[in-house]
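Notes follow the structure.
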Amino acid sequence: MAGSLDDSIYNNGRSGGGGGGFKFSKGFNKDSISKRIIMMLFFSKGIRAWSCIILLYFLQSSISIISASFYMCLFSAIFSVVVEKPWNLLSSLRPSQIKKIIYHSIFNLLIIITWNSSIKFIGPIGSILASDYTFSTYPLIFNSLLQGNFLATDMSRGSIMLMIGYFLIPLFGISNRLDILGYTSSQVFMIGLFSLIVHNVLVLWKKTIVRSWNSGSSGGKNKLSSLGSCVSTIILFVFKLFEGFSSGSSGSDSINQVSYSQLFVIAIITFILYSLNQFIDDVSEKELTFNVLSKVSLTSSVIFGLLAALFIGFKDFFHPILILSFIFIINAIHILYSKSNDIQPMTFSNNMDGGNSSIKTYNSSGGGGGGSIINGNGSGNAIYYFEILKDVLRQIVDKPTSRRIFTFLVINLMFMFVEMAYGIWTNSLGLITDACHMFFDATALFIALVAEVISQWKQNDKYSYGYGRFQVLSGFVNGIFLIFIAVTILMESVERLLEPPEINTDKLLLVSVLGFIINLIGIFSFHGDHGHSHGGGGGHSHGGGEKKEKHHGHSHGGHGDHQQVTPILGEEKKKKRSVNIDGVFLHLLADTLGSVGVIVSSLIIQIWGYTLADPICSLLISILIFLSVLPLIANTAKTLLQCTPEPIQSSLYQINQFILSIDGVHNIISYHFWSHYDDMNIATLKIQLNETASSNSTLDTERIKKSISKYLNKDHNIHKCIIEFIPLLYNNNNQQQGNDVPLINHHIHNDIHHNHSSSSSSSSHHHRHN
């Protein structure tokens, strides 16, 4: 297993000195110690592989995943409590320590459940190959994916081989006995792949988080970990009781009846998988390089698995594709960690033992190895990208709108995972399908969240107007997404109207009610922003105020001036909308309508047996979704196509008349009005000056520019104005030449900050061209 459930239970074999760890007698030389450690590692990993094979038969025949996880967590907690005696810490627990205990319990709970799920749906040998040492290989794969340049360096080629080896295991290395459990091959693949990836990510996450804690001595950390195991056991016991009630009501509770002999075997398996395995790892990591350690461990697992398959049968747990995956993984590790690539081993401290044990990862010193990945100073590409991720999370939390999107995204994903897990548990296709539908909603929320974060970035040379238009693009994409959903539901409804299918309403009503509640929370969360976008409410905390602060560097204190401007233009409130939030709101509204339709149709079917209620409700919902999303697509498309905003379009005549009435203006050659995003309207004008203004260009153009800018900002909500002045020229015969050969081509670029008075226009930029 790629990470221990409770690292505290195997530290009793170490000394408490500064060097710590298991020590051999001085009578052994270094080569002798290495050989003995390799033999000890080889046989211990083989015994672990056999233990996982026995665990597979328990999971497939007599014990569920929840029950097996409970018993294993119980025995692990007992071993830990006996060794660490954590009750001495209970009387002096601090809030920070309680928080760490909760973290330990959650990690332990999820890691052991996903591990047992991987054993059941992928098989023991495949799970070992695809999970061992991934806390070291996953960051390397992640770094290679971010760098690109596939197959260009040894590091990228090795990463590709690792990904192929890992992916082949859940794709082809499934157990053939799973067909008797009522799962299809696609279900086995998805469940196995999901469990394996989540398990490996949790192990990596646990090591990263716990390693960053500074809680004093390793003994204190071990006691906290022991208490975390006890909390995990209690939570799993509650899950087991709930599972027992559910299976008892359905008459299938015999699967979780465990005998004393089976409990004894599970206790031995737990000791081997967690205590003995980690103790051997701790000893081996101090004397062996990562290259040798990983090769010996994985080779032992495959060889002992083959030996067991010779007596038990290959079809039960050992697919031939595992050998190919093993070859890919071993060769990739050799490429990535060999001396030829200048990869120097470094230590990755164990997450529970205060840094006494270490796992050797990688530190490429450059050259053809693809650059530094991780080094002792915390630099390198992988750490760099993790720092970027932390900064993005900080940006999300800082802004109220993005914080609400992120919060609801997490709630949506949690409900999706619970629904998926319960659907797999009960083998309910309806629950699994609804969970997949919620995944599309989560995708829409993720798109909106990304757009909300990017839109706050400052303008630069490449994006001179900033990143605000990403919100418009997000709204347009989500609108197209909703059109696709509406058309799909419409086609399915018509098909069901023509050929009504048999409908199983089991658990459908419960799931629909829960989904309705979740979506209702989201609707109320985003309704304020959505109402604001249509003119409801005068607050600016989630709309233009944040963008103005980001793009122009002004505080919210300037809103008072802005509020003096908005009443003059009655149509401005209509334009103050966040199409990004509109897209999220419409997604939630569509999902809520879907839940309402399912609730209504389920009640009609259960009460009156009228099965056509389901396609009729779906048909009505698809039409409502289609009609509600059309305004969003129309508005975002007009913005992306740079159409003249509707309030300005209806006032073009007044704008032209005002500009022509200014002293010094001879003609308007061309004008363009467009919206960059929700709160930024832009005007570009080419104005021809008369003879008087042309002869005194600097003073007159400044006066004309101020008049036009003030008028457009105050009366028409135009925030940026770019004006090009063309003089009216005369030739030697005193005939007007228009703007054929201008002597002065004077561009005036004026940024109008709408939370300031019109006097700020004096900060405009002047460019002269001959």
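Think of each number as a place in line: the chain as shown, counted from 1.
Backbone N, Cα and C define each Cβ position, glycine as well.
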Quick test of your reading of the annotation: per Swiss-Prot, do Thr153 and His587 share a side of the membrane?
yes
Taking 124-146, 225-245, 435-455, 593-613 as candidates, which has the most Cβ pairs under 8 Å with the transmembrane segment (317-337)?
124-146
For the transmembrane segment (124-146) and the transmembrane segment (185-205), does the number of C-beta pairs under 8 Å, pairs 6 or more apart in sequence, reach 3 or more?
yes
What is the number of residues in the topological domain 'Cytoplasmic' (456-469) that are helix, strand and coil, as DSSP sees it?
1 helix, 0 strand, 13 coil
Test the contact criterion for the transmembrane segment (470-490) and the transmembrane segment (185-205): 3 or more CB pairs under 8 Å, pairs 6 or more apart in sequence, then answer yes or no.
no
Could you tell me the mean pLDDT the prediction assigns to the topological domain 'Cytoplasmic' (456-469)?
84
